[in-house]
Amino acid sequence: MGELAKRMGIKATDLIRALMKLGVMATINHPLDFDTATLLATDFGYEIENVALDVDEILEAEPDAPESLLKRPPVVTIMGHVDHGKTSLLDAIREANVIAGEAGGITQHIGAYDVELNGRKITFLDTPGHEAFTAMRARGAKVTDIVILVVAADDGVMPQTREAVNHSKAAGVPIIVAINKIDKPEASPGKVKQELMEFGLVSEEWGGETIFVEVSAKKRINLESLLEMVLLQADVLELKANPDKPARGTIVEAKLDKGRGPVATVLVQEGTLKSGDYFVAGVHYGRVRAMQNDRGDKVLAAGPAMPVEVIGFNGVPDAGDIFVAMGDEKQAKEIANHRQMKLRETELAKHSKLSLEQLYEKIQKGEVKDLNTIVKGDVQGSVEAVAESLRKLTTDAIRLNVLHASVGAITETDVNLASASNAIILGFNVRPEVKAAALAEKEGVDVRLYNIIYDAVDDIKKAMEGLLEPTFKEKYLGRAEIREVFSVPKAGMVAGSYVTDGKIVRNAQVRLLRDNMVVYEGKLGSLRRFKDDVKEVATGYECGMSLENYNDLKIGDIFECFEMEKVAGKL
Ligand code: GDP
């Protein structure tokens, strides 16, 4: 709404008044739906274009001319029952290739890698597990061309083998069966083949069409034949893409990196991604600042089926988000912002509606209560783990809802959502952004910060049982930003800092934040103004600070100063 007021050149308060006339109570940050916006704009003599339609049009891929399509490498996902050797196989294939390819290559995990056989490439998604595969599919991303189903020759078909077959079939992806662990004396490949017939996976030697390869990840047996079979299957599928246009692809993995900010692995599916390209991915946008492959090599251009780790996002996208490179920044930004607003709108709408119903329910039953939570964390794994454990806490008396769970710092959007749906925010190794913290304070949103998942779940559990003991609640004191870092003999690293908010107190506790993530928590080693030791320094002043037992200080880092206050148990 603030945006609308700004564009029409009128005061936000006038707009709020006009809204009130329409019977809508709203604040400046309230997102407007298209109809309301149109009504309002007409009131003020403006016309509104619905950009939503344009967004979809812009992002729609144009069909490629058949002659522009070139052969591309296949993208493979490895699935199978736990302990049947998925990870070992992924590692074995990769290692064999790295050793053959370059001397002493250092590989890193970026969520996907590619190998070469006889001059042809194969891309592997190295997040084994069916969840990742299905989560991506649920978001409409089709990335996998071929599934390698790993079945241990000494164990046979197991529940997750079945599941893997079902998932692959549902996705319409062909399966190659790798019978693993054939080095074991008790291996019985025949039994595996027999068992898989039930699923319509019949080996060629028995008159069927499914490719079976007997391998050993451990002893590196037959790995090359497995890759050959993948290439054979790829030929049958006639995989093609047009490399000669702006890139489109899918986010395979993403995280908030302490030093580099948001980083994501993009699997390019069509076109070519180049350094410097602008792009949209889900609700985020950015410009490719740097790309590297899983060997840590710098990459300047990435074509179809190539996975690259990209730096330059304005936020952390989700795995499965569609990635689209575009001509200019303004457009990318507008689309991302528009999507963000849409997302917020649906989240708000969903939850205010939900809570109304719940209110009714509560009145009806007199006892049902809901506890709404929002989970933010530094890595996807812990976010999911927390959300999962929280949901499991639901009892007959209290329903536990996780309204939103994602990677990244706690933002104003999170606080707004919490405020709208009376939720508690749980943060793991992440902090609220300064504005978000202020908003939370204003709106009375409970933001709880943890380093240990167990502590959070335990707190919630106790609160539900009415057993929450008086706890120490953190009281925020102030923040200072590091402007300079120098080494002082005996004292170690000292940071020339500027107090941006509140005050810094010598004997209070501090934590060091980098990109809103906690890198260290402890006590100050020293606090000085010029040459004098001081007890505290207020906003707007410069000071020299050091940490006890910690020296990794960097320009731009933030010191956050706080003390612990005893409060009665409440959530
Ligand atoms: P995942 O759970 O499917 O990823 O399975 P892992 O790759 O972690 O392997 C499970 C266990 O099987 C590990 O102890 C491996 O060392 C072992 N393993 C994997 N492949 C082979 C193989 O080819 N032969 C033998 N003997 N053991 C294997």
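The backbone N, Cα and C atoms fix where each Cβ goes, glycine too.
Curation does not apply to TrEMBL; its annotations are automatic.
The GTP binding site annotation in TrEMBL covers 80-87, 126-130, 180-183. Per TrEMBL, the feature domain 'Tr-type G' maps to 71-240. Positions annotated as region 'G-domain' by TrEMBL: 74-222.
The structure, with features from TrEMBL marked on it.
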residue	record	Cβ neighbours (10 Å)
Gly80	GTP binding site	28
Asp83	GTP binding site	13
Lys86	GTP binding site	25
Thr127	GTP binding site	20
Ile182	GTP binding site	22
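Look at Gly80 (GTP binding site): DSSP puts it in a strand. In this structure, Asp83, Lys86 are the binding-site residues from Asp83, Lys86, Thr127, Ile182 whose C-beta falls under 6 Å of some atom of ligand 1.
Applying DSSP to the region 'G-domain' (74-222) sorts its residues as follows: 50 helix, 39 strand, 60 coil.
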